[in-house]
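Structure, as structure tokens:
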Amino acid sequence: MSMRKNFDLSAYLVIGPENTNGRPAARIIAEAVRAGFTFVQIRSKTAEARELIDLTRAAAEIIAAQEKSERVALVVNDRLDVVLAARDAGVKVGGIHVGQSDIPPEICRKYLGADAIVGLSARTSALIDYVRTCDTSCVDYFGAGPLHPTATKPDAGRDAAGHVVTRTIEELAELHRVSPLPVVVGGGVKAADLPALRATGVEGFFVVSTIAGAAHPFAAAEELVHIWRSA
Ligand SMILES: Cc1ncc(COP(=O)(O)OP(=O)(O)O)c(N)n1
Ligand SMILES: Cc1ncsc1CCOP(=O)(O)O
Ligand SMILES: [Mg+2]
């Protein structure tokens, strides 16, 4: 079955070489997937294309080695060129995550095909109206946030006046209620946020630093997965 019809957003790792305090990103991906993370996004604002292709290949091999290729989705942030090059080299990469100022989702769909996963960051202002009315014909899920301000992406949630607008739990519950697509929420997410986030009904949480910056990424990942599943 194509991953597009079968992906699980519940525990979603976003990671790149600049997030790992000098440790290999591949090792942290392996630990998170072993702990039960269900979705991996390769995201780097500093790596060159070749490094991104290599990390995407390594992530796909890690997921395959744990026999999870049919259950753990792998996407690349922003870089349609990297997804195409990785696929051309035989790497099993499921799709792409794009934001409001990135390559449009319909172009991603055109080049990646009907089986690819295309994730879209939901617009910060007027979030609830946006997800209700936006063209979802070629999008598979929404990424929303930030739940808290975050040093990983200081511009997340910035409004025209430069203030960071975070999402309340009530807004996220409403977002879940009105969204035609599954929603994953991130931005400063920590273990303590998960029970309230789960109660909103959203399909999952995404994290960078809670895993990639943790002293013990496996233990951190296991804790998040356990809390989400038992909340
Ligand atoms: C799952 C998920 N949700 C949101 C984002 C943010 O995407 P974007 O707004 O394009 O910002 P960058 O990540 O490209 O800086 C995401 N990456 N993943
Ligand atoms: C990619 C992204 N999009 C919105 S916030 C964010 C970064 C979240 O990072 P962290 O989990 O370290 O706060
Ligand atoms: Mg982007």
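Even glycines carry a Cβ here, placed using N, Cα and C.
TrEMBL lists 12-211 with the feature domain 'Thiamine phosphate synthase/TenI'.
Annotation comment: TrEMBL describes Q41, I42, R43, S44, K45, N77, S121, K153 as 4-amino-2-methyl-5-(diphosphooxymethyl)pyrimidine binding site. Long-range Cβ neighbours of I42 (4-amino-2-methyl-5-(diphosphooxymethyl)pyrimidine binding site) (same chain, at least 6 residues apart, Cβ-Cβ under 8 Å): I15, G16, L52, L55, T56, A59, L74, V75, V76, N77, V82.
Counting every protein chain shown, the number of other Cβ atoms lying within 10 Å of the Cβ of D102 (Mg(2+) binding site) is 17. Among the features that TrEMBL reports, Mg(2+) binding site is placed at D78, D102.
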Of Q41, K45, D78, K153, listed as binding-site residues, which ones have a Cβ less than 6 Å away from ligand 2? K153
Rounded to a whole angstrom, what is the largest C-alpha distance between any two of the residues Q41, I42, R43, S44, K45, N77, S121, K153 that the record assigns to 4-amino-2-methyl-5-(diphosphooxymethyl)pyrimidine? 16
Across all protein chains shown, the binding-site residues N77, S121 give the max Cβ-within-10 Å count at N77
For a Cβ distance below 6 Å to any atom of ligand 3, name the binding-site residues from I42, S44, K153 that qualify, or say none. none
Among R43, K45, K153, the binding-site residues in question, whose Cβ has the most other Cβ atoms within 10 Å in this structure? R43
